[in-house]
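*Asks:* Dropping the structure in here first, questions after.
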Amino acid sequence: MGSPMHRVSLGDHWSWQVHPDIDSERHSPSFSVERLTNILDGGLPNTVLRRKVESIIQSDPVFNLKKLYFMTREELYEDAIQKRFHLEKLAWSLGWSEDGPERIYANRVLDGNVNLSLHGVAMNAIRSLGSDEQIAKWGQLCKNFQIITTYAQTELGHGTYLQGLETEATYDEARQELVIHSPTMTSTKWWPGDLGWSVTHAVVLAQLTCLGVRHGMHAFIVPIRSLEDHTPLPGITVGDIGPKMGLEHIDNGFLQLNHVRVPRENMLSRFAEVLPDGTYQRLGTPQSNYLGMLVTRVQLLCKGILPSLQKACIIATRYSVIRHQSRLRPSDPEAKILEYQTQQQKLLPQLAVSYAFHFTATSLSEFFHSSYSAILKRDFSLLPELHALSTGMKATFADFCAQGAEICRRACGGHGYSKLSGLPTLVARATASCTYEGENTVLYLQVARFLMKSYLQAQASPGATPQKPLPQSVMYIATQRPARCSAQTAADFRCPDVYTTAWAYVSTRLIRDAAHRTQTLMKSGVDQHDAWNQTTVIHLQAAKAHCYFITVKNFKEAVEKLDKEPEIQRVLQRLCDLYALHGVLTNSGDFLHDGFLSGAQVDMAREAFLDLLPLIRKDAILLTDAFDFSDHCLNSALGCYDGHVYERLFEWAQKYPANTQENPAYKKYIRPLMLGWRHKM
C-alpha cells in the first residue's frame, strides 16, 4: 500500500493520525492494495513514475488546489492559466516529452484544473488530419506555444450532427486562398474551450466548396488573434459564452468569421487536398476527417470521464465508514452507514462500474493503437469498428459516470451538497461529458446503425462464413445460443459464462428486433428514413445493451488474465459478478421479455447480487485506496485518506474569506429592517 505520506498531502495538523474507523478497514487486507495499484497503472514502473511526478506537483505551491472553492470565475481562469504555463516550464526544465507519461500523470493529479486542454485536442487534429509538412510546421509552433490553438467544431445551431455544420470554406482559385465565413447566426462557433480569451488560432471545421461543388466537412487552421497584442484579427468576432453549470475555469467561447481569408495550405490535407486550380482530391474516406475527434474520444475515457466516478467512489466510501447514523439493533452504538445494505447497494455497484470501465478503456486503447497507424497509412478497414467502439464507450462511460457520481454525492447526505466535499465539482464535470464530444443519444444511434449493418451482414449468409468477416466486437451476434438461461441456483449467476451468455443473448435479440422492426416498416411502404426514425427508441435500447455486453466481456476477460494473482482475482471477480448482475436486475424486463430468464431466475440473480454486497463491503476501502488518488488530487474534506471528515470540514469553512470580512448587506438591509421593526414595537 502507498505510504500515508504519499496519500495524505494537505498539511493539516491531524493528518498523521488516521481515524480509527477508517484505519480498522485497512487492517488484515485480503489482497495487496499496492499490487492492485500496479496492475491498474500497467506495472510497477508506471506506479513509481506516477508517484514521483505527483510528489513534484504536490510540493509546488503554484499547484495548490485548496483555494479553488473560494475563487471567482475570473480568478479560477487566471489560476488555471498560471498552472498551465508553470507546468510547461516545469516540464521543459525536467525534460518531460510532449506525449510522455509524465504529462499524463501531472494532469491526473491536477484534476483538470489547468487550461488550454483544447490546445492538445487541436494538436491531435493536426497530427491526425495534417500532411507531414503541416505537422512539421504547425505541430512545432503548437508544441513551443508560439501559437495557442483550439478545436472549433460545435456551432450555435449544430453539435453532434457534423454534416449540418454551416460554417463555409470557399476556395478562391484566383488568389489560391480559402474564404472562411459564418453565413448565419446559427453558424457561430459556440463552446470551444480556451476560445473565449486565450487562443491565437483555431482548427475550424467547415463545409468546403471548390469550383461550385460542395465536398463536405474539412479542417482549416485559422488565425484568430494578433500575435502582437492578442486583439481579434479583421473579420473575427470572438469572446466568452458566459457562466456555465461547471468547468468555471475554462473560457468556452464563440467565434464568428466574416469572409476571413487563409492560404490554401491551411487546409489539413492528409486525406483530402485542394490543388491550386481548385481541383479537389480525396485521399481517404469521407469519415477520415472524424479521425481527430476519434483520437480525443479514446483519450477522454480514462483521462477525462472515468476519474470523476473513481474519485466520487473514494470520497463516498471513505465518508461512509466515518459517518455513523442510527442503530442496527436498539442496544448497539450507531453504525457506520456503510453497514447498511441500502448504502452498499448505492455505492458498491459504482465501484464495480469504475473497475469495469477501467479494463474496458484499457482494451479499447490497445485496439486503437493497433489500428491507428494503419489508418494514418490510409488503410481504413478497421475505422468503422473503431468508430463504433469509441462512440459507444464514450456514451456509456459518460452516462454511467454522471449517474454514478450523483449517486455517490447523494449517498453522502447533506455534506455531499457542499462544494468542500469535492462531489458537486465531480458531478458537474461528469455531466458535461454527456454532451461534449457528441451528445450521448446521437452517439448510441451511430452505434445502432453499425449494429444493424453488421446484423444484416450476418443474416445474409446464416450458418456459413460470410464473404466479408464481421468485425471482432460484433461476431457474437452470429452465434447460436440456447433460448433459455441454464442457471438453476443463485450461485449459478456468479458464473461468468452464465451472465456473459445472458448479456450476449439479450443484446443480440434487441439488435435483431430493432432491425426486423425497421425492415418490416420499409416492406410495408414506409420510407427508409421514416422507418429509421420510427424505430430509434428500439435501436437505442439495442445499442445500450451491446455496449453493456462489451464492458461485461472486457471485465470478465481482464479478470481471467489475473490467474497468477489469486487474491486480487478473487476480489475483482466479485466486482465483475456484481457489475453484470446489477445490469441484469436494472434491465430485468429485457431478460424476461421472451422467457430467457424466468421470474424465479430473476429472484436468484437478485439473491446472488445481494449476497455479494457484504463480501465486497469488507474490501471497499481497500478497493478505493487502490485507485491511488492522493488527497491533493481529491481536494475533498470528506474523502481524505486519514478520515478526519468533521475537523477538515470545519477548518476549511473557516478559510472562506467572507467569514472574516464585514457583511455589507447588514448595514444596507438587515440593520434598517431590524431597527424598523423595533420602532413599530
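For all residues, glycine too, the Cβ spot is worked out from N, Cα and C.
Take a look at what Swiss-Prot says about it:
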- Ser3: phosphoserine (MOD_RES)
- Ser9: phosphoserine (MOD_RES)
- Lys66: N6-succinyllysine (MOD_RES)
- Lys137: N6-succinyllysine (MOD_RES)
- Lys303: N6-succinyllysine (MOD_RES)
- Lys453: N6-succinyllysine (MOD_RES)
- Lys561: N6-succinyllysine (MOD_RES)
- Lys667: N6-succinyllysine (MOD_RES)
*Asks:* Under DSSP, is Lys561 (N6-succinyllysine) part of a helix or a strand, or is it coil?
*Replies:* coil
*Asks:* From the Cα of Lys667 (N6-succinyllysine) across to the Cα of Lys453 (N6-succinyllysine), what is the distance in angstrom?
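*Replies:* Between the Cα atoms of Lys453 (N6-succinyllysine) and Lys667 (N6-succinyllysine), the distance comes to 70 Å.
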*Asks:* State the Cα to Cα distance, in Å, between Lys137 (N6-succinyllysine) and Lys667 (N6-succinyllysine), rounded to an integer.
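*Replies:* About 61 Å separates the two Cα atoms.
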*Asks:* At the Cα level, what's the spacing in Å between Lys561 (N6-succinyllysine) and Lys303 (N6-succinyllysine), rounded?
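*Replies:* Per the Cα atoms, Lys561 (N6-succinyllysine) and Lys303 (N6-succinyllysine) stand 24 Å apart.
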*Asks:* I need the least crowded one of these modified residues (Lys137, Lys303, Lys453, Lys561), counting other C-beta atoms within 10 angstroms of each C-beta.
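*Replies:* Candidates: the modified residues Lys137, Lys303, Lys453, Lys561. Fewest Cβ atoms within 10 Å: Lys561.
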*Asks:* List the Cα distance (Å, whole number) between Lys66 (N6-succinyllysine) and Lys303 (N6-succinyllysine).
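*Replies:* Distance between the two Cα atoms comes out at 22 Å.
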*Asks:* When DSSP states are folded down to helix, strand and coil, where does Lys66 (N6-succinyllysine) land?
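*Replies:* The three-state answer is coil.
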*Asks:* With an 8 Å cut-off on Cβ-Cβ distance and a minimum sequence separation of at least 6, pull the same-chain contacts of Lys667 (N6-succinyllysine), or say none.
*Replies:* none
